[in-house]
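Noted in TrEMBL for the protein shown:
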type: DOMAIN; residues: 1-190; note: domain 'N-acetyltransferase'
type: MOD_RES; residues: Lys56; note: N6-acetyllysine
type: SITE; residues: Gln58; note: site 'Crucial for catalytic activity'
type: BINDING; residues: 124-137, 160-169; note: acetyl-CoA binding site
type: MOD_RES; residues: Lys146; note: N6-acetyllysine
Amino acid sequence: MEFSFDVDALLPERITVLDQHLRPPARRPGTTTPARVDLQQQIMTIVDELGKASAKAQHLPAPITSASRMQSNRHVMYVLKDTSARPAGKGAIIGFLKVGYKKLFVLDDREAHNEVEPLCILDFYIHESLQRHGHGRELFHYMLQKERVEPHQLAIDRPSQKLLKFLNKHYNLETTVPQVNNFVIFEGFFAHQHQGPGVLVGPAGTIPLPQNPRGA
């Protein structure tokens, strides 16, 4: 996906991690720096256009990823840049993966309700012309390492059949635990559940851990 501005200069690394602040990454030494507000606007444009492309690919009525949604939620977006193709010397974007922690009520294999706060896959898109080149796996693997989670610990929001096949092929995720909501979890989800900060899972659900803002 190409843009009118210099993506290669805006996003110095192959994979850029964006949070709710949508701050531009640090620039390379010696690079001319436009006004910071202009750089943030370019970041917002990338997020909006990627969200539209993802919604179109999934046949959704409206995007579920946008700059405004990112700013109002504590989600994290991993953006993959094409380091080989440099149209007009400006670079291009291959795709993105959006994740975030959510409090969910999910059923285990005994159909008991559990309150958990897992890391969730919220949106995932690779440009149509660049699929089946290993980019999706590269992006997903980077996210797993950065977030320090295992694939079976994730909850996936409304996964497409293409995403389910991807998870089965690359991470052997096949057997799901039936749910009554839109999230999909896989066998092994409850074995070593990775939680958001300050949360502990118990038989009766989540138990907030004592907070010590000054540290121990």
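Heads up, the Cβ atoms here are built off N, Cα and C, so glycines get one too.
Everything TrEMBL records as a feature, shown here on the structure.
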{"residue": "Lys56", "record": "N6-acetyllysine", "Cβ contacts under 8 Å, 6 or more apart": "none"}
{"residue": "Gln58", "record": "site 'Crucial for catalytic activity'", "Cβ contacts under 8 Å, 6 or more apart": "Ser160"}
{"residue": "Phe124", "record": "acetyl-CoA binding site", "Cβ contacts under 8 Å, 6 or more apart": "Ser54, Gly95, Phe96, Leu97, Lys98, Gly136, Phe140, Leu163"}
{"residue": "His127", "record": "acetyl-CoA binding site", "Cβ contacts under 8 Å, 6 or more apart": "Met1, Ala53, Ile93, Ile94, Gly95"}
{"residue": "Leu130", "record": "acetyl-CoA binding site", "Cβ contacts under 8 Å, 6 or more apart": "Asp82, Ile94, Gly95"}
{"residue": "His133", "record": "acetyl-CoA binding site", "Cβ contacts under 8 Å, 6 or more apart": "none"}
{"residue": "Lys146", "record": "N6-acetyllysine", "Cβ contacts under 8 Å, 6 or more apart": "Val17, Tyr78"}
{"residue": "Gln161", "record": "acetyl-CoA binding site", "Cβ contacts under 8 Å, 6 or more apart": "none"}
{"residue": "Leu164", "record": "acetyl-CoA binding site", "Cβ contacts under 8 Å, 6 or more apart": "Val184"}
What count of other C-beta atoms do you get within 10 angstroms of the C-beta of Gly136 (acetyl-CoA binding site), across all chains shown? 22
Counting only residues 6+ away in sequence within the same chain, which have a CB under 8 Å from the CB of Leu167 (acetyl-CoA binding site)? Pro151, Ile156, Pro159, Leu173, Phe186
Taking every residue in the domain 'N-acetyltransferase' (1-190), the average pLDDT works out to 91
